[in-house]
Amino acid sequence: MPDYRSKTSTHGRNMAGARALWRATGMKTEDFGKPIIAVANSFTQFVPGHVHLKDMGQLVAGVIEEAGGIAKEFNTIAVDDGIAMGHDGMLYSLPSRDLIADSVEYMCNAHCADALVCISNCDKITPGMMMAAMRLNIPTIFVTGGPMESGKTVLGGMEIKLDLVDAMVMAADDHCSDSDINDVEVSACPTCGSCSGMFTANSMNCLAEALGIALPGNGTTLATHADRRHLFEEAGRRIVELAKLYYEKDDEGVLPRSIATVEAFENAMALDVAMGGSTNTVLHLLAIAREAEVNFTMADMDRISRNVPCLVKVAPNSKDYHMEDVHRAGGIMRILGELDRGELLNRDVKTVHASTMAAAIDLWDITRTDDEAVKTFYRAAPGNVRTTEAFSQNKRWKTLDDDDANGCIRSVEHAYTKEGGLAVLYGNIALDGCIVKTAGVDEEIFKFSGPARIYESQDAAVAAILGDEVKSGDVVLIRYEGPKGGPGMQEMLYPTSYLKSKGLGKECALLTDGRFSGGTSGLSIGHCSPEAAEGGNIGLVEEGDLIKIDIPNRTISVDLTDEELAERRQAMVAKGKAAWKPAEPRTRKVSAALRAYAAMTTSAAFGAVRNVEQIEH
């Protein structure tokens, strides 16, 4: 039976100094021997998805102490990708994920924490904390801040739902009036919470349910709704139970690596493609699996994406639905239930709240359960009042959306497409693969060919699009924006949004070794690996080369022979130190912190995780 980790600093004569310091934090003699639970919060006033988390750590801490534990809260950084978007601030977003993972590891190991509650919400914070949880492998529960309510405004005499992507697209559309743009801007993000569509933050918070490390409703219960308080409280109660099961009952089944097995990662990816999640989830799942020491690769993702249908289309893949609508339709447990009915789910994996995923679905799937409390829970509705306060309203829909043919969540029989909402493409331009969110692509352009328009920075591409240099039929190719080349693998939400602004959203493709925001839709193909800065063939493409994209057959290629590519490679290598770099110097400032990330990071095909062996040797 394992000792409590905290015993290292709370027991023994030689720890008198440490105990003296523990006492200075408020601990008493009778507290030594209780499980010390770390509460990793991520409150910040910079990020709407985190602005309401200030008191959440102490809410959880109070419940932990009532349940017999000792809670110690600390904070991590949190970058808002939307605010950092479109300028050099985006260079810091992906690297922040690894810093967050490190900070949680540092705090928990330095202070010998016995268990962990992760309070996260937005794009890099949830995956960063997940990486830390797998790395630490101590009992852990995730409880996130919850999604924002969708924006609503009246345009042209009609009320419409909207989000921040609508504001970006309209701002660059010369046909939109200043008045309409202002109406959308002030209405797009009405409350605290993670942006209201199936963007990266909400995708990851939903995947936490599928991985089994968060409670039902975590991914879809609105940040403003009173029901969300119960998730925080239950997380506090349950983490003490998990800690005691492990340290006092020797139950290793409650540990993150026992829960997040390869079968659980398969479930998470099945959910991801079924709900048309953000392409960033691919990066993060690969990184989290690596920390969990699970062999889960792009090949596994490709296999799952071919077998699992797309059951959900939420903004940005649809104008009809946002996260509040997914919740009304039964949330993630309903989607997992539909996958289970289609025999597309591993039912026997463990969770932090139920013995198996099958047991959880039987209780929480609104189409199976007779529990009125569960059905009431999923009728939680938006309050439609501008606020930054959590738990500020308790509105309910009169009915649930259980229409499996035309509702927000469809059955396998009524799927939008037979294959999932994410796809991995391979070819001579992406030997290690690249990612496209098919749920956001019009099926008419699943096959697309066009001349490459080469840009060696996001800024250059944006200028060309806004300057009307990009024409219908073009393939906008943005390179040297990968994990090493950026560095930091910028998101390309502005280029994709501006293509829509110019009426080219369905008439052009965009290919990059960078990545895309969860708010991106259209024929946007990212994570092209190997990246240009690592000698990938994307660095050999020249202006006007024909790019061929074939989503049904999962291929992407430049129309060059192997011999032609070899000749170009030889010419590139001959440039010496100038090889595999932008032809023209870029003005961006790359700090020492970013250079350190670039020196250690790996390909997007491996999650853009750091590999210290690259600098050790």
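Cβ coordinates come from backbone N, Cα and C, glycine included.
These come from Swiss-Prot:
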type	residues	note
ACT_SITE	Ser517	active site, proton acceptor
BINDING	Asp81, Asp123, Lys124, Glu491	Mg(2+) binding site
BINDING	Cys122, Cys195	[2Fe-2S] cluster binding site
MOD_RES	Lys124	N6-carboxylysine
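Everything Swiss-Prot records as a feature, shown here on the structure.
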residue	record	DSSP (3 states)
Asp81	Mg(2+) binding site	helix
Cys122	[2Fe-2S] cluster binding site	coil
Cys195	[2Fe-2S] cluster binding site	coil
Glu491	Mg(2+) binding site	strand
Ser517	active site, proton acceptor	coil
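Between the alpha carbons (Cα) of Cys122 ([2Fe-2S] cluster binding site) and Asp81 (Mg(2+) binding site) lies a span of roughly 8 Å. Each residue in Val79, Ala84, Met90, Ser93, Leu94, Cys122, Thr200, Ala201, Asn280, Ser517, Gly518 lies on the same chain as Asp81, Asp123, Lys124, Glu491 and has a C-beta within 8 Å of the C-beta centroid of that Mg(2+) site, without being one of the site residues. Considering only the binding-site residues Asp81, Lys124, Cys195, Glu491, the residues lying within 10 A of Ser517 (active site, proton acceptor) on a C-alpha to C-alpha basis are Asp81, Glu491. Within 10 Å of its Cβ, the residue among the binding-site residues Asp81, Asp123, Glu491 with the fewest other Cβ atoms is Asp81. Sequence-distant contacts (6 or more apart, same chain, Cβ under 8 Å) of Lys124 (Mg(2+) binding site) comprise Ala78, Val79, Asp81, Ser93, Leu94, Ser96, Arg97, Ile100. Rounded to a whole value, the Cα-Cα separation of Cys195 ([2Fe-2S] cluster binding site) and Asp123 (Mg(2+) binding site) is 10 Å. Counting neighbouring Cβ atoms within 10 Å of each of the binding-site residues (Cys122, Cys195), the lowest count belongs to Cys122.
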